[in-house]
Amino acid sequence: MAKKRIAVIGSGASGLTCIKCCLEEGLEPVCFERSDDIGGLWRYQENPEKGRASIYKSVIINTSKEMMCFSDYPIPDHYPNFMHNSQVLEYFRMYAKEFGLLKYIQFKTTVCSVKKQPDFSTSGQWQVVTEHEGKQQVDVFDGVLVCTGHHTDPHLPLDSFPGIEKFKGKYFHSREYKNPVEFTGKRVIVIGIGNSGGDLAVEISHTAKQVFLSTRRGAWILNRVGKRGYPIDILLSSRITNYLSKICGSALKNRYMEKQLNQRFDHEMFGLKPKHSALGQHPTINDDLPNRIISGLVKVKGNVKEFTETAAIFEDGSREDDIDVVIFATGYSFAFPFLEDSVKVVQNKVSLYKKVFPPNLEKPTLAIIGLIQPLGAIMPISELQGRWATQVFKGLKKLPSQSEMMAEINKTREEMAKRYVDSQRHTIQGDYIDTMEEIADLVGVRPNLLSLAFTDPKLAFQLLVGPCTPVQYRLQGPGKWAGARKTILTTEDRIRKPLMTRVVERDSSGTSLVTVRVLMLAVTFLAVILAYF
């Protein structure tokens, strides 16, 4: 029997791992990449390309290397825990080379349309029209994996800012920003306090005369560096922490988180405290913002009510004159124009079962990969989604009925609406551990902690209290990797390695990652006791 041919659209993080997932399942991938290289979002270019994600030169990833790597290919131990975008791209190049992925990619090829074949209800096949160097080609595929991301179309709500058309200074979306040199000596307003808004305000404040950071709601600011210097996602992303947070309930979780965040700096005093709870919005990750605020180089302001030719008037009645530049860090919209009616997106809302499969198709041969915004890394989620999708394409896994899928989609949407503030930013939100565990169950690779407690208690303990790293989903089941156990048990060694650039005698009483976790759990238990008794 001939191999099923699968179209993979995009060769960023999701696209690369999906090519590999196809190969693991004996499928034949053909990847279409509109640019001339891999990397997607993480390939920096001085001039942004239309239809392609764009980053600024200084971008550091917000998730640590142990949490963001692909499950069977750890990031080299000497790489920093939080990598510069150039190092992320280099990791992707190593991954592509290691698994021989490049030969399956057709560069400078744009996907024009993806349509059902006339016999789709029985064949599940798709007609894919592509264009390369001005010439169109039509191919038929047995499945399609859409890996185009959700950071390509800038959301620029100019209608919400009266007077912007009269403003004589420069204004643009944060997607166009590259470096702070051109803002030297200028007065700059950054609108939006997501990760990009915070980063830009901090970086520009090193050259600008004054930076104003405008926010509608405020934000809770999370540091990359946690207790004892461990990466914050390493400390927060464990199964035991996840179990306890469910037991404690949302009110106690939020109270505890807000107390921890305010110990670093008082969000109310700094003008950042929002009305929503700490977990009611995706937190902003920024290590330097409080330092720039307390130095007066960044001033936090409310929402802009209107612009004049040279000034901004805020909703509290205050005014800032002689504004030179306005940067809209207002996020992104996403769409799939080449899919026509197969996947409908309305105000950044889309109906996908488990955030992957459109529920209305007669055959489950189309999957959207990486369309999720977790408090954690997207790459390993994309990988698990790809592993699941290729199993479904191959017929190894089945999906529920359309009505069952829609019921779950609506239930998830209602839960997200209750938890998060109404925002374009929260339409594809998902919890990192819950999402990973859920899909791992579907793939058949979720570790059995109870069984391991008897056969390998050391490993079971690490899986329970240690960080929920991607490599844990290579311990058993399809795609099992022989190096998984050792990689899990040496996680702390790789965290420490890039920091040991000066030889220091290690204190035998020093605090290990496990000790830090036990202390955190003890504090959490105490918080529960105090809250309820």
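Cβ atoms are placed via backbone N, Cα and C, with glycine included.
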Inset, instruction - Among Glu24, Glu33, indicate the single residue that Swiss-Prot lists for the FAD site containing Gly10, Ser11, Gly12, Ala13, Ser14, Leu41, Trp42, Asn62, Thr63. - result: Glu33
Legend entry - Residue among recorded positions Arg5, Ser54, Tyr56, Ser58, Gly197 with Cα closest to the Cα of Gly12 (FAD binding site): Ser54
Inset, instruction - Sort out for me which one of Ser196, Thr284 has the most neighbouring CB atoms within 10 A, since those are the recorded positions we care about. - result: Ser196
Legend entry - CB-centroid shell, 8 A cutoff, NADP(+) site Ser196, Gly197, Gly198, Asp199, site residues removed: Ser174, Val190, Gly192, Ile193, Gly194, Asn195, Leu200, Ala201, Val202, Thr284, Asn286, Ala329
Inset, instruction - Quick one: among the recorded positions Ser14, Ser54, Asn62, which has the most Cβ atoms sitting within 10 Å of its own Cβ? - result: Ser14
Inset, instruction - List the Cα distance (Å, whole number) between Tyr56 (phosphotyrosine) and Ser196 (NADP(+) binding site). - result: 9
Legend entry - Cβ-based isolation winner (fewest other Cβ atoms within 10 Å) among the recorded positions Arg5, Gly12, Leu41, Ser58, Ser401: Ser401
Inset, instruction - Calculate the distance in Å between the alpha carbons (Cα) of Leu41 (FAD binding site) and Ser54 (phosphoserine), and round it to a whole number. - result: 6
Legend entry - Tertiary neighbours of Asp199 (NADP(+) binding site) (same chain, Cβ under 8 Å, six or more apart): Tyr56, Ser58, Val59, Asn286
